[in-house]
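J.: Got a structure here, written out as C-alpha cells. Questions coming.
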Ligand code: TMP
C-alpha cells in the first residue's frame with residue numbers, strides 16, 4: 001500500500017465515458033475502504049464553478065489566451081483550497097479532469113503553444129502532478145456520435161471533428177511520453193471490460 005494520499009485524475013476527449021467510469025472509481029474506493037474526495041475541473045470551488053459556467057457557456061466570447069488563463073485561475077484556487085489541503089489530511093483526491101485537459105483542448109484543440117501552457121503549469125503547480133491519470137480513449141467517430149446524443153452542447157462540444165482529433169492526439173502523445181503516470185484505457189469496449197481495466201489500473205497503482 002502507498003503511504004501518502006494520492007492525487008488521481010480522469011481525463012479524455014468528450015464522449016469518452018468519464019461520468020460512467022467515475023461511478024466505477026467511486027465503487028472501487030468504497031470497496032477498498034479508502035478515504036477519498038471527488039472533485040472536478042474546471043470547478044471544485046465556488047470561484048472555479050463560476051468560471052466553469054462562463055467557460056462552458058456557448059454565449060461566452062473570449063480569446064484563447066483568456067480561456068487558457070481562466071482554466072489555470074480555476075486550477076490555482078482548486079489546488080490551494082481543495083486539492084492540497086485534502087491530500088495533506090491523508091485523503092485521496094480524484095479529479096474529473098486536470099491540466100492534461102488544458103494541454104489537449106487549449107493546446108491541441110485551440111493551438112495555444114504547448115510551451116506557454118507548460119509555463120503556466122509550472123507557475124501554478126510548482127512541479128505538482130497527478131500520481132496517476134486514467135486516460136479514457138475512444139476513436140473520434142465514437143466521441144462525435146456520443147456528443148451528438150447529448151441534449152445541449154456546451155462551448156467545447158460545439159467544436160468540429162478536426163478540433164477533437166487534435167485534442168485526442170495531444171492526450172495520446174502525453175500518455176506515450178510519460179507511461180509511468182498514465183493508464184491508457186481503451187473505452188471503446190463493453191462497460192464491463194472498461195470497468196475491469198479501470199479497476200486493474202487502480203489495483204496496480206495502489207498495490208492491492
Ligand atoms: P466536462 O467536465 O463535462 O468534460 O466539461 C468540461 C469541458 O471543459 C470539456 O469539454 C473540456 C474542457 N476543458 C478545457 O478545455 N480545458 C481544461 O483545462 C479543462 C479542465 C476542461
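Quick reminder: no glycine exception, Cβ is built from N, Cα and C everywhere.
As annotated in TrEMBL:
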| type | residues | note |
| --- | --- | --- |
| BINDING | 12, 13, 14, 15, 16, 17, 18, 19 | ATP binding site |
| DOMAIN | 10-198 | domain 'Thymidylate kinase-like' |
J.: Given the recorded ATP site (12, 13, 14, 15, 16, 17, 18, 19), which additional residues of the same chain have their Cβ within 8 Å of the Cβ centre, ordered by sequence?
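T.: After dropping the recorded site residues, what remains is 136, 138, 143, 146, 187.
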J.: Where ligand 1 binds, which of the binding-site residues 12, 13, 15, 19 are close by, with Cβ under 6 Å?
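T.: From 12, 13, 15, 19, counting a Cβ under 6 Å from ligand 1 as near, there are none.
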J.: Just going by other Cβ atoms within 10 Å, which of the binding-site residues 13, 16 has the emptiest spot?
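T.: So among 13, 16, the binding-site residues given, the one with the fewest Cβ atoms within 10 Å is 16.
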J.: For each of the binding-site residues (12, 17), count the other CB atoms lying within 10 A of its CB, then report the residue with the highest count.
T.: 12
J.: Please work out the number of neighbouring Cβ atoms within 10 Å of the Cβ of residue 14 (ATP binding site), leaving out its own Cβ.
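T.: Around the Cβ of residue 14 (ATP binding site), 19 other Cβ atoms lie within 10 Å.
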J.: Give me the count of other Cβ atoms within 10 A of the Cβ belonging to residue 15 (ATP binding site).
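T.: 21, counting other Cβ atoms within 10 Å of residue 15 (ATP binding site).
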